């Protein structure tokens, strides 16, 4: 039993007798189990420094009694957790029956690495992702964007579209909410229940109003559960994080509270090791795979922010959301020229796909170069060849807009799951000029892949009638 001796911000110095000094990582209980601290550092034979994990109704005061639980974070694991929501301490946040097996956080870390050579493509049904940023099982995907451009909607759509294609007996889905809004977690849970996907999903949530210690530790807790599912249950894991930037932000707050010297842009000096410690665990083993999807908040929409760069270095693919594209009313607002994937290889997606991506990017890049000239002179002043490029680029930009299932409650329009082969056929026809006579606006939010051919046939029919 110890006593709180000093406190500031979310950091507390707690004194114990010499023979009762707790270990680093142990959880301390205060105020009859209403408040919890985690031992971060041992200062002397009798003094430890701890960070706040959970606060009760009353603030922690000097001389408050702290009891060493002699345990670290206990993580609920196993099939019984399907459909359950947990906090960082493993407490159940929703009504869910059953007893849970628990393992200690980080006890599932494996040094064994297994490189997946199967290159199994995961189709998301989202045209712009499946075309520009293909996803394979066991890869890491980052979704970068500033505030309010649709990161959370996209990650919810990915959960919905990918999960419903997989056999729930072979796949386990984890969602880790790191410092985001309570409302978003509640909406996601309701949507998972309504779509019957909750039966293979576990959620670990630390909300934005919780202490920085909780927001930082929730990610290792969620990863521990995912590693257990991969290795002990031999599942293929889909691991979704919203928002991994908040994990690093919480680390920055803790570093400041602990009095550590900051580095570039005010971030903690341990920024690189903090992100490496979690990213390296999101890997495949001989028992199963972990495919991770991570939203990344961009402060001031800056891709060069040190936290964003640190995260980007660990990813196989990155989706970059654009405020300009969002303002044009095109959704998902993904910028295909800024987004990239190391998985866009001929041996993975095929020669035809690679060549089409190169052709489309060439058209979009040329269009971007012409934009300033168009603003000054207008499209009609361009050379005929450039006018053709502009028309194709505008058709392509609109073609990649898509109604999403998770946005249907806002748009009042049903979602659409795109077939990859049909999409490639249509894109090839667009770049070949097969649809060049169709107005650009007709390409917006297309549903069925047959629509463009129908529109073209109707236009040709109208032209013949006018000629006659």
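Don't overthink the numbers, they just go from 1 along the chain as shown.
From the backbone N, Cα and C atoms, a Cβ is placed for every residue, glycine too.
Taken from Swiss-Prot, the feature ATP binding site covers 145, 146, 147, 148, 149, 150, 151, 152, and the record attributes it to sequence analysis.
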**Report entry** Cβ-Cβ distance under 8 Å to residue 147 (ATP binding site), same chain, at least six residues away
**Finding:** 297
Query raised in the report: Does anything in the same chain, at least 6 positions from residue 151 (ATP binding site), have a Cβ under 8 Å from its Cβ, and if so what?
Result: 143, 144, 145, 242, 243, 295, 296, 297, 321
Report task. Tell me the Cβ neighbour count for residue 148 (ATP binding site), meaning other Cβ atoms within 10 Å of its Cβ, over all protein chains shown. Result -> 10
Query raised in the report: Beyond 145, 146, 147, 148, 149, 150, 151, 152, what residues of that chain have CB atoms within 8 A of the centre of the ATP site's CB atoms?
Result: 297, 321, 326
Report task. Restricting to the same chain and to sequence separations of six or more, state which residues have a Cβ under 8 Å from that of residue 146 (ATP binding site). Result -> 297, 298, 299, 300, 301, 321, 323
Query raised in the report: What count of other C-beta atoms do you get within 10 angstroms of the C-beta of residue 149 (ATP binding site), across all chains shown?
Result: 25
Report summary line: If you rank the binding-site residues 145, 150 by how many other Cβ atoms lie within 10 Å of their Cβ, the lowest count goes to 150
